[in-house]
Amino acid sequence: MIFLQLLISGILIGGVYALISLGLTLIFGVMRIVNFVHGDMLMVAMYFSYWFYTLYSVDNYIGLFLVVPALGLLGALMYRFVIRHAIRRSHEASILVTIGLSIVIQNAALLLWSADYRSIHNEWATRSLQWGDLRISSPLLIAFIVALVVTGILFAFLHRTYLGKAIRAASMDRFAAVLMGVHPQRIFTLSFAIGIALVGVAGALLSSVFAVHPTLGTQFLLVSFVVVVLGGLGSLRGAILGGLLIGVVETTSAYFIGSSMKQLVYLLLFIVILIVKPAGLFGKRIPEVNQ
Amino acid sequence: MKRSTILLLTSMLTLSLLVSACGRPDSRADANTVRVGVAFPTSGNLAKIGQSCTRGTQIAADIANAQGKGPKIELDKVDVPTAVAAVHEVNRLILKEDIRVIVGTYASPSSMAASGITERNRAVLWEVAATDPRLTRRGFKYVFRPNPDATMYGPATVRFLEEVVGPKLGLENKEMKMALVHEDGDYGEGVAASTKKAAKKAGIPIVEEIRYNAKATNDLSSAILRLKNSDADIINMVQYDTDAQLFWKQAKQLGLNAKVFIGNGAGQSSDNFGQTFGEGADGVMDTSSANSVHPRALTPEMRKMEQEFQRRYEQKYGQKPDLIATLAFSSAYILFHDVIPKAGGTDPDKIRKAALSLDKPVGSTLVGWGVQFNETGQNTRAAMSVMQWQDGKLVVIYPESFSKSQPQMIPMPEWSERK
C-alpha cells in the first residue's frame with residue numbers, strides 16, 4: 001500500500017517536472033539554446049497567476065488562459081531583443097546571455113514584488129482525492145493531466161500543421177529549411193514563444209502548489225535540465241518519461257533511503273543512463289547547427 | 001556588437017565608477033556622527049528575512065537618533081546574500097569605509113565567515129539573528145549576540161511539552177512520542193540536536209527523524225508518509241518559508257494528523273505562513289523569540305517603545321513589522337541606545353567594555369528579554385517563547401508571564417474534523 005502511495009506521489013511530482021521541462025526541451029531542440037531563463041519564467045508566470053488571483057480574484061485555473069498568452073508574448077519579445085543575438089554563436093554565448101537575463105529578471109522581481117513568499121490558497125490548493133488509504137493531491141493531479149494534454153496538442157501541432165513541420169524542419173537542418181522557403185527568424189521567435197508559453201502553463205497550475213518568490217526558478221532549473229538531458233535533448237516524449245522517472249525515483253528513495261539523499265540517488269541514476277545511452281532515453285545524435 | 005556601442009558602454013561604465021567613487025558625502029569628519037555597517041541578505045533566497053532585518057535596524061537607528069542620547073548614527077547598508085559576499089562586503093566596510101561596528105547578518109554561514117574578518121581587523125560584529133552556537137564559542141572578543149543560539153530551542157520546547165502539553169493530553173513524558181522533521185543545514189541540524197538532547201533528558205522518546213535539503217525540495221510527500229507511519233503524538237518541525245508552506249499543504253492532502261505540531265522559528269513564525277493559510281494555520285505552534293509579549297512583562301519604557309516602533313515601521317514601510325524585524329530592532333536598539341552612547345563612539349574595545357557592563361533585567365527589551373553578555377559575547381538573558389496561530393494571528397502562549405493568550409487546540413483536531 002505504501003509503495004502504491006509513493007508511486008502515485010512520485011508520478012504526480014514527476015508530472016510537474018515534465019510540465020516544466022517541455023518548454024525547455026522544445027527550445028533546445030529547435031534552437032540549441034541552453035535556456036537558463038526557463039526557471040525564472042516559471043517564477044514570472046507564478047507571480048502573474050498570483051496577482052490575477054489576489055487583485056482580480058481570477059482563479060488560477062481560469063487565469064491560465066491569461067498567463068499563457070502573456071508569457072508567450074514575453075517569450076517572443078525576449079527572443080526579438082535578446083536571444084536572437086546569441087543564436088548562431090557558440091554555446092557559451094547563449095549560456096552567458098541567458099544567465100545574465102536570469103539575474104536581471106530575478107532582481108527585477110525582487111524590486112517589483114518584494115521577497116515575500118506568496119502562494120494562492122484557494123479551496124483546490126489543499127484538496128485531495130481519497131480512495132481507501134490512498135490520497136491523490138487534486139492540484140497535482142490536474143497539473144499532471146494538463147501536462148499530458150498539452151504534450152498531445154504540441155505533438156499534433158509539430159507533426160500535423162505546416163508551421164509545426166517548419167519548426168521541425170528548421171531544427172533538423174536549418175540550411176535546407178531556408179532553401180525550402182522557411183523563414184528561420186520567424187520560426188525561432190514562434191518556438192521560443194511557445195516554449196515560454198508552456199512554462200506559463202506550468203506556472204499557472206503550480207501557483208497554488210508552491211509558494212512563489214524571486215529565486216524560485218533556481219529550485220526547478222537543475223531538475224528540469226536533468227529531465228531534459230535524461231529524456232534526450234529536444235524530445236517531448238523524453239521530457240515526459242524523464243520527468244516521471246525522476247519523480248518516482250525521488251519519492252521512493254526519499255522514503256526508503258532518506259530525504260536528504262534523494263538528489264544523490266537520481267543523479268547517480270542519471271549518470272548510469274548517460275553511460276549506457278549517451279544521447280538520453282529518446283535522444284538522437286543531432287548535428288551541431290552553429291554555422 | 002558595433003564598435004560605437006562598445007565605446008559607449010565602456011565610457012558609461014567608467015563614468016559610473018567615477019561618480020560612485022566621489023559621490024559619497026564626507027560625514028566622517030563630523031565628530032558627532034558615527035557610522036555603522038548593516039549587512040543582511042537583501043537579495044537572493046533569504047531576501048525576505050534580510051529586508052525585514054535591515055528595516056528593523058533602520059527604525060532602531062531612527063529612534064535612537066531622535067532621542068539624541070549619543071552620537072548620531074548613520075547606517076551604511078550592504079547586501080550579503082551568501083557567505084562569500086559577506087566576506088567581501090565586511091572587508092570593504094572595514095578597510096575602505098573605515099567602519100568599526102557592523103550589524104548583521106542573519107544566516108549562520110555568513111555570520112561565521114564575517115566574524116572571522118571583523119575579529120582579525122578589530123571590528124565588532126553585532127549579530128542579531130544567526131543561531132549557530134559556534135559563533136560565540138571560538139574565543140572571539142568582538143562578536144556579540146543578543147539573541148538566543150540554537151541550543152536554546154530544544155530545552156524551551158521540551159519544557160513547554162512537559163508543563164503544558166503533557167498535562168493537557170494526560171500523557172507522561174515517556175508516552176509523548178515525538179517525531180522530528182528538519183532541513184539539513186546548520187540551522188535545522190543545530191536546533192534538532194538541541195531538541196534531541198533535551199528530549200532525551202526529559203525521557204521523551206524520539207520515534208522518527210527526517211532531514212531534507214530545503215533549497216532542493218519540491219515535494220515532501222515521502223517525509224509526510226514516514227511521519228504518518230511513525231504514529232507520533234508530537235511533530236516537531238525546523239523549516240524555512242517555502243518548505244514550511246509546502247509541508248503544511250501536503251500534510252493536509254495526505255491526511256497527516258498529530259496531537260501537536262510545533263515549529264522552531266523561521267517557517268512557522270513567518271507572517272507569510274499566516275498570509276497563505278489564514279485560519280488554516282490555526283493550532284500550529286512555534287518555539288522562537290516572541291514577536292510581541294504581554295505588556296505586563298515589559299518595563300513601562302518598553303511598553304511605549306513597542307507602540308513607537310510599530311508606528312514608525314508602518315509609516316516608513318507601509319506594513320506591520322514581522323517577527324524577525326521586531327527581533328532585529330530589539331537587538332540593534334541595545335547597540336544604538338545603550339552601548340554606543342556608553343562607549344562614546346564605535347571604538348571596538350570601548351564597545352566591548354560597554355556591552356559587557358550591561359545588566360538589564362528581564363522585560364527591558366522589546367521582545368521581553370533582559371541583557372547580560374558573558375565573556376564570549378552571548379546574551380545569557382535571551383529567552384524563548386512558544387507562540388501559536390490563533391484566528392490567523394501568531395500570539396505568545398508560553399511562558400505564562402509573556403503570554404497574550406491561552407494555548408488552544410491541544411490536541412489538534414484531525415483534518416477531517418477541521419473545515
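Using the three backbone atoms N, Cα and C, a Cβ is placed for every residue, glycine included.
What TrEMBL says about this one:
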- A:6-29: transmembrane segment (TRANSMEM)
- A:36-56: transmembrane segment (TRANSMEM)
- A:62-83: transmembrane segment (TRANSMEM)
- A:95-115: transmembrane segment (TRANSMEM)
- A:135-158: transmembrane segment (TRANSMEM)
- A:187-210: transmembrane segment (TRANSMEM)
- A:264-283: transmembrane segment (TRANSMEM)
- Task: Give the one range among A:6-29, A:36-56, A:62-83, A:95-115 whose Cβ atoms make the most pairs under 8 Å with those of the transmembrane segment (A:187-210).
- Result: A:62-83
- Query: Among A:6-29, A:36-56, A:95-115, A:135-158, A:264-283, which stretch has the most Cβ pairs under 8 Å to the transmembrane segment (A:62-83)?
  - Reply: A:36-56
- For the transmembrane segment (A:6-29), out of A:95-115, A:135-158, A:264-283, most C-beta pairs under 8 A are with A:135-158
